[in-house]
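These features come from Swiss-Prot:
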TRANSMEM  13-34  transmembrane segment
TRANSMEM  54-76  transmembrane segment
TRANSMEM  95-117  transmembrane segment
TRANSMEM  132-154  transmembrane segment
TRANSMEM  161-183  transmembrane segment
TRANSMEM  193-215  transmembrane segment
TRANSMEM  244-266  transmembrane segment
TRANSMEM  286-308  transmembrane segment
TRANSMEM  321-343  transmembrane segment
TRANSMEM  358-380  transmembrane segment
TRANSMEM  387-409  transmembrane segment
TRANSMEM  414-436  transmembrane segment
Amino acid sequence: MQQTVTYGAKWKQFLTIFTPIVITQLTLFSMTFFDTTMSGNYSNQALAGVAIGSSFWAPVNAAFSGLLMAITPIIAQLIGAKKEKQVKNTVHNGLYIALFLAFILILINFLVVPMILTHMPVTAEVADIARHFLNGICIGIPAFFISAILRSFIDSLGLTRVTMLITLCTVPFNIFLNYCFIFGNFGFPEMGGAGSGYATGITYWLVVLVSVILIQTQTRLRKFGVFKGLTALRFSKIKEIIGIGVPNGLTILFETSIFSAVTILMGAFGTETIAAHQSANSVCTLLYAFPLSVASTLTILGGYETGAKRLKDAKQYRHIGMAAAILIGCVNGAILFFFRDIIAGFYTNDPALSNLIMHFLVYAILFQFADAVLSPVLGALRGYKDVTVTSIVAFISYWLIGLPVGYGLSFTNLGPFGYWIGLSTGLFVAAFILSIRVRKTEQKLSFNTKDAEISN
């Protein structure tokens, strides 16, 4: 990364960082896509089981990753402020937190989740598939969190092409393992939907292996000496990471868990509706890679400019990110509307299920426009390390507004589609409030056009 002067130079740097991130995100989300489609091709019960299992894993995955991603703006600001020597300790303390969280999460999976599954409104077969799916995921939870720290470290330096290469190397391996474990090919046990969990868990370890190799062989990464001895646990650094990470993680948790809650509530409408909801939701997740990548890019660039005390440049990057996100939202909405029948065909050959999926996809268009506004705002706020209010806004918007609206509409002629209208309502409310917040945050940051000093 480097300082830029013109809008043209900023667009170029934005796209240089954004493009590898979006390829990485699309590839990562394709793992969920292939888990869903390959499980659906095995059976509707397998698809429903993976949907329920994912409804547990997705919010935890996203929330804990969001917590660990706190090192991205921290390191980006350190780089901008020319304090590179502090980077190694930041990464190490992030790894300490990651391993602790992994241990806690594995305990919860084996001690708490089975009890929850027995009380859910789904068949015993679907619950059993979900349980084994999550057990498979647990194999790779430590690796997943370690890789989240390493990926954040690499991205915060603006070296997003490296994480792209890591992901591109590992996802084909995941697809191959899905083929083996779900369908029992090449002498592997036929595990159905649960097999996709084991495939994903094993793949996470490959991600760590490839990450370590690249960090050790790339000069721009090796110079930080991340793997040259362990630094001491610093409670001040732990406090900084948690101070940013917890609100950030809660924001993501409130957003992803609301989708998981809706998946569980869909159980009242039957297995077929759960399967259709999960299929359409996996498409939305895939498309969400674009606005999410805009947010990640703004966190990196905004953090870098904030560390260098250049508020004007940080604001200009936010404007660029907003323009890019709105354009992406329009394109994604058009894809969902005009190609919904083709998309549904990827998931099932059942006409009734295909019709349900197409209906969900129409309502998903609303998500695209809400995310186009919300994602860049969240990314900018993370770059400024202003994340406390976002978690409060997320809880109110999603759980106190979005879910009640959706629940009420589900008793009308809209049925299960009412939940998706409720979800969209929550996203729009959050986007509106946080758009005001980011402007106020920028007003509070005092910068001198030359030396610039930030005051919070």
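Even glycines carry a Cβ here, placed using N, Cα and C.
Source: prediction; values computed, not measured.
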Near the transmembrane segment (13-34), which same-chain residues lie under 8 Å Cβ to Cβ, leaving out any that are not at least 6 residues past its ends?
1-2, 4, 54, 58, 155, 158, 160-161, 163-164, 166-168, 171, 174-175, 178, 196, 200, 203, 282-283, 285-286, 288-290, 292-294, 296-297, 300-301, 317, 320-321, 324
Could you tell me what the rest of the chain brings near the transmembrane segment (358-380), counting residues at least six beyond its ends with Cβ under 8 Å?
251, 276-277, 279-281, 283-284, 287-288, 291-292, 294-299, 302, 314, 317-318, 321-322, 324-326, 328-330, 332-333, 336-337, 340-341, 343-344, 390, 417, 420-421, 423-424, 427-428, 430-432, 434-435, 437-438
Among the ranges 132-154, 244-266, 321-343, the one whose Cβ pairs under 8 Å to the transmembrane segment (54-76) are most numerous
244-266
What residues elsewhere in the chain lie close to the transmembrane segment (132-154), defined as a C-beta under 8 angstroms and at least 6 residues from its ends?
49-50, 53-54, 56-57, 61, 64-65, 68-69, 71-72, 75, 87, 91, 94-95, 98-99, 101-103, 105-106, 109-110, 113, 160, 162-163, 166, 191, 193-205, 207-208, 211-212, 214-215, 221, 224, 226
Outside the transmembrane segment (244-266), six or more residues from its ends: residues with CB under 8 Å to it
51-52, 54-56, 58-70, 73-74, 97, 120-121, 273-274, 277-278, 281, 378, 382, 385, 387-388, 390-391, 393-395, 398-399, 402-403, 406-407, 410, 416, 419-420, 423, 426
Quickly jot the same-chain residues contacting the transmembrane segment (414-436) by Cβ under 8 Å, restricted to those at least six beyond its ends, or write none.
258-259, 262, 265-266, 269, 273, 277, 359-360, 363-364, 366-367, 370-371, 373-374, 377-378, 381, 389-390, 393-394, 396-399, 401-408
